[in-house]
Amino acid sequence: MNQVDYLRISLIDRCNFRCQYCMPEGVELDYILKQQLLTNEELLTLIREVFIPVGFNRFRLTGGEPLLRPRVVDLVSAIATLPQTQDLSMTTNGFLLAPMAQNLYNAGLRRINISLDSLDADTFDQIIGNQGRSRWQQVWHGIQAAHSVGFDPLKLNVVVIPGVNDHEILDLAALTIDKQWHVRFIEFMPIGNVDLFGDRGWVSSAELRQQIRDRWGLTESQVRGAGPADVFKIPGAKGTLGFISQMSECFCDRCNRMRLSADGWLRPCLLNETGQIDLKTALRSGTSTAQLQEQVRHLLRMKPEINFKGRDSGIVGTYTRTMSQIGG
């Protein structure tokens, strides 16, 4: 198993979208109250005095939608300037990004992933649960702003939903030809909206790669990320194509991450809540950071056994939160 040195940090569970694959349709979510969220000071204490000492040095800020977090630019700056931070990135839906991109870059953020599940405005609005004025154009402006500012790599995340956006695979892949953008196709998975998954199912990465291979050809890329994506390239393209195959190919043995929820729960596996630790309550009750370090070390030792490997047998993992509440 890889060294676990990568922490995904959910800054907030609220989101200004309601994506089909992330939140169950028609279900009211119990959002975390403000006083239950980790404060910036608590989060920085945990990063400096717990996570870094046990070996974490790469951090990704997620949500909900992380740009809804008050003082998010200040938080980015504080994490980026820690001498032990080797990598700081963010995943966003891009809706609020355009006016914030330069400030985020100036604060030290260099890598960004933006969700772009469709190039068609109507399909996009259907996926994000938008009922009013289309939000596609504002997200596209956010992507263009991130590109202009200099974020590199700039990655576009696509969750492939059968019968909804799977007909756009070639159009989305073509974005990598003329720009140094990295499009990542993510297999739809049964967390966040189990009913939709049951209705729609999923398309394997192998099928997507074959579509692209038949159109342009496809080669393995020399660019290799630190995450679970298998990276390929259209011959002659400036960017790359990543395939995250959590349904068709179990990559538990290469998992290098844990997840910290906005209310302070440290979770060892996306698909399994077993073993998770309530760091916020412990910190607020006076538990020393040395004791918290030991708890995290124990969870790190347990992680290979906790990583969920039951998909092949059709077993569903143990989880009670939606994808938006976990942070993806």
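Using the three backbone atoms N, Cα and C, a Cβ is placed for every residue, glycine included.
Marked as GTP binding site by Swiss-Prot: ARG8, ARG60, THR91, LYS155, ARG257, MET258, ARG259. A strand conformation is recorded for THR91 (GTP binding site) in the three-state DSSP classification.
The feature [4Fe-4S] cluster 1 binding site is assigned by Swiss-Prot to CYS15, CYS19, CYS22. Within 10 Å of the C-beta of CYS19 ([4Fe-4S] cluster 1 binding site) we count 20 further C-beta atoms, all protein chains included. Under the three-state DSSP scheme, CYS19 ([4Fe-4S] cluster 1 binding site) falls in the coil class.
If you look up Swiss-Prot, you'll see TYR21, GLY64, SER115, MET189 marked as S-adenosyl-L-methionine binding site.
All protein chains shown were included, and the count of other CB atoms within 10 Å of the CB of CYS269 ([4Fe-4S] cluster 2 binding site) stands at 22. If you look up Swiss-Prot, you'll see CYS252, CYS255, CYS269 marked as [4Fe-4S] cluster 2 binding site.
The domain 'Radical SAM core' feature in Swiss-Prot is assigned to 1-229.
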Proximal residue to CYS255 ([4Fe-4S] cluster 2 binding site) among binding-site residues ARG8, TYR21, SER115 (C-alpha distance): ARG8
Longest CA-CA distance among TYR21, GLY64, SER115, MET189, per record bound to S-adenosyl-L-methionine, angstrom: 17
Euclidean distance between Cα atoms of THR91 (GTP binding site) and SER115 (S-adenosyl-L-methionine binding site), Å: 8
Nearest-integer angstrom distance between the alpha carbons (Cα) of ARG259 (GTP binding site) and CYS269 ([4Fe-4S] cluster 2 binding site): 7
